[in-house]
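Reviewing the structure listed below.
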Amino acid sequence: MKEFKELISQNIRKFGMIIALVGIVLIFQILTSGILLTPLNITNIIMQNSYIIILAIGMVLVIITGEIDLSVGSVAAFIGAIAGTLMIRWNMPVIPSIIISLLVGALIGAWQGYWVAYVRVPAFIVTLAGMLLFRGLTMVVLSGRTLAPFPREFRFMSSSYMPDFFNGETYNITAIIIGILAIVLFVFNEFRLRKARKKFHQKGLSGPLFLTKVIVISVIIALFTERLAVYAGIPYILLILIALIAGYTFFMQKTIPGRHVYAVGGNEKAAQLSGVKSRKIKFWVYVNMGVLAALAGLIFAGRLNAATPQAGNLFELDAIAAAVIGGASLTGGIGTAIGAVIGALIMGVLNNGMSLLGVGIDWQQAIKGLVLLGAVTFDIINKKRNA
Amino acid sequence: MMKEGEGTKPLLFFKKGVLTLNNIILEMKSITKEFPGVKALDNVNFKVEKGEIHSLVGENGAGKSTLMKILSGVHPYGTYRGDILFEGENCMFQEINQSEAKGIVIIHQELALIPELSVAENVFLGNERAKKGIINWEETTIETDKLINKVGMRVNSSELVQHIGVGQQQLVEIAKALSKQVKLLILDEPTAALNEAESENLLQLLQEFKKNGLTSILISHKLKEVIKVSDHVTVLRDGQTIETLTKGEDLEEDRIIRSMVGRSLSNLYPSRQPKIGDVLLEVKDWTVDHPQIPGKKIANKINFYVKKGEVLGLAGLMGAGRTELMMSIFGQSYGKFQSGKVMKDGKEINVSTVDKAIENGLAYVSENRKEYGLVLDDTIRENVTLANLKEVADGLTINQRKEVSVVEDYREKLRIKAPSIEQKVINLSGGNQQKVVLGKWMFTDPDVLILDEPTRGIDVGAKNEIYKIINRLAESGKSIIVISSELPELLGTCDRIYTLNNGKITADFAVDDANQEKLMTYMTDDRSEAK
Ligand SMILES: Nc1ncnc2c1ncn2[C@@H]1O[C@H](COP(=O)(O)OP(=O)(O)OP(=O)(O)O)[C@@H](O)[C@H]1O
Ligand SMILES: [Mg+2]
């Protein structure tokens, strides 16, 4: 018990987010008399928030380096417009269009990264300019009109499900199998990590607590899979998200450039004097953000089945809020991909739950604002107490 | 211990002084403080008499700063166990303002001034001379000038703090304390960053204040100065009070060291048989301009060399350009490069960026560990490997097993005191942070190790360890360059010493020909060319 308490107090940053997410889910589950966790709605939450989650992953990297990107919403819209022009106006095939769109995203990231990293114009200004610039260009490209519809294959990525190879009846068997595989992988990985930790004489959880953790998370994965399997199965977008989360977590924790990202944000001068090329790191973090913003723009356009001038409005704020709720520090050096994802889910469940309850857009905005303030305050108070 | 009559004298200077029992102004009783995984203080008892200078000494991480942070309310009541009696009153400070209201003022180990504000603005920061919320600048200036005089500063009150030297900045902190009606002044390693003249000046000031009845608590690793000014010295070890020594009775350096480290230290500067080889690094006609002021030379046609297995010292006053010279060589990290070349083993090498310098076997341990040395929010592990991640990685992927074993190794070698290598360095004591920086650069396995004030804020035991490490590295054929403001340290560790003044090398001494006076002469001499 004592260990449990200590664990909570030491990891409240990590646990706080998860507890908040679970709490919000439970509250809305009760308020909506069970609609929140219906198979259809769970699937919806994932699909509706996929692009914010993708942006949040890119944003957390930007924030860890101590910078900010206000332009991602406009960039997403601009890429939607480009994709629309390529596929709808010029009838270009889907795959080359996607590749070109992502490349344009990378170029935009390089453009902004250049000003921030090499010319040292404050990121706030560069990306504020970018926000106006790319919103304006979106309207120019679309001539103020909406382009629709996209080819069917393009929408595949954002709104289709993995087919059931086994023709299950109530359940999508493919989904179930993938869920089981995920659990096995997760459990295997946890035990492997634990063994490694033991070997390095690092402190980990005690036996029972470790088991509890593994079981709880496995059960959550199982329930989640069950919900998806009852509805239409696993959306392709979920696979993309999982790949991104796993990839970025690995990158940030286990690779040299990942470590450098944290060092640059934590203390740029010290990092530079240790031979870290801080400008190059910042530059590439913006390029990465550009590509992810492009991906988010494509997925959004696919879901909407249209390229519109208004796409991506306020996405930047949702992405920043998600990263910060997820524990990233705006002064740099601190944050995780998984945290940003959880932050995005918290915002997503809030949106979805309030919509289900019929709360108007006006109140939704206000409440989200308060949640953001509350989350960050909680974090700061908590930091002080541990000091 | 203290004789009856002695302690009462200062009372005369206290017009409103309340007479308390035994002249004890402060008593801290059974203080215990725990951080996650560390018991920083364990039942510490600490008594200070009115009007004395009481020093607090102990190894890095012994708990000195923590004890003082508790006293001043930085760690609020409730986060520790035990009682604080100040002027006979039980104190439960929730924050710094409350302790300041009682006249307890602390000057922290790291200065807390705002570089972009003027001296006057800094002195009255948070304590502004104002009427109805509108600042009275005239009064502010007049009051500041008075305080500046009192502490013997030579700068204008409108000067920005970033433009004055560290020594003067320290005095600004003291002026700030004096502006607050201070009764008990706590100074946490005030002289660590000062040269000898500046330290001397500051200590004299303390003694003057003492005549006026001010009580001071001084934390310092410079035992000579501690012995010179203190009436009592309390020794902490591993979070426990070991003993309190009294001037004129049992206050001696050996005794302090023995109770600090638990054994006696026969020779602070360990001896070494110099095995000096060929010239390894040679710098030729090195000229660098000031980063902002074009034409102002911070290094002016500097020529020097260091041989294999040699420990080279760089002596100079604050502002002589020692740090700037070395940083300009280490990847041109300071100033605007004008001309000159760096040769290693007779071949010119490229040191135009930090990573090229590192690649060519250079390492530079900064004097300013917080700003240039450490990523404070990261762990010991992440900091130690930062400059040489390649060594613990397979390709681009970091190999955790290798990383942990390397860092554990350095933790042991350098005796870094921390619950684990996963501790964030921001939570380490000052001296242990210094060891982490040192570990980071040792891990790059350099051929030329440049140490800029390597023992600043480090306890005697650890100093001795660091000198031993320097010796070991030199014996293995590496070249070491030491910058230090403590001349005895240079004389004790180096084989050869250059003096530097105004961006020029003024002399080159073999250590046997040098002494403090000679070095001092050349450190202050403008005209003389290299002899
Ligand atoms: N905020 C903190 N969180 C965790 N541990 C801490 C924190 N502050 C201090 N410590 C630990 O408490 C112990 C005492 O630290 P303290 O700073 O008081 O040492 P010190 O005697 O002032 O050393 P130095 O001479 O190096 O300044 C150290 O082991 C340090 O790592
Ligand atoms: Mg200290």
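Even glycines carry a Cβ here, placed using N, Cα and C.
Listed in TrEMBL:
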type: TRANSMEM; residues: A:12-36; note: transmembrane segment
type: TRANSMEM; residues: A:42-63; note: transmembrane segment
type: TRANSMEM; residues: A:94-117; note: transmembrane segment
type: TRANSMEM; residues: A:124-150; note: transmembrane segment
type: TRANSMEM; residues: A:170-193; note: transmembrane segment
type: TRANSMEM; residues: A:205-224; note: transmembrane segment
type: TRANSMEM; residues: A:230-251; note: transmembrane segment
type: TRANSMEM; residues: A:283-300; note: transmembrane segment
type: TRANSMEM; residues: A:320-346; note: transmembrane segment
List, by number or range, the same-chain residues at least 6 past the transmembrane segment (A:12-36) whose CB is under 8 A from its CB atoms?
325-327, 339, 342-343, 345-346, 349-350, 352-353, 356-357, 375, 378-379, 382
Tally Cβ pairs under 8 Å between the transmembrane segment (A:320-346) and each listed stretch (A:42-63, A:94-117, A:205-224, A:283-300), then give the stretch with the top tally.
A:42-63
Under 8 Å for C-beta pairs, could you tell me which stretch among A:42-63, A:170-193, A:205-224, A:283-300 has the largest tally with the transmembrane segment (A:94-117)?
A:283-300
Apart from its near flanks, which chain residues at least 6 from the ends of the transmembrane segment (A:42-63) lie with a Cβ under 8 angstroms of it?
69, 72, 76, 123, 158-159, 224, 227-228, 231-232, 235, 237-238, 240-241, 244-245, 248, 252, 261, 265, 285-286, 288-289, 291-293, 295-297, 299-300, 303, 315-316, 318-320, 322-324, 326, 328-330, 332, 335-337, 339-341, 343-345, 347-349, 351-352
Outside the transmembrane segment (A:283-300), six or more residues from its ends: residues with CB under 8 Å to it:
50-52, 54-55, 57-59, 61-62, 65, 67, 69, 71-72, 75-80, 83, 98, 101-102, 104-110, 112-114, 116-118, 157-158, 237, 257, 261, 311-312, 315
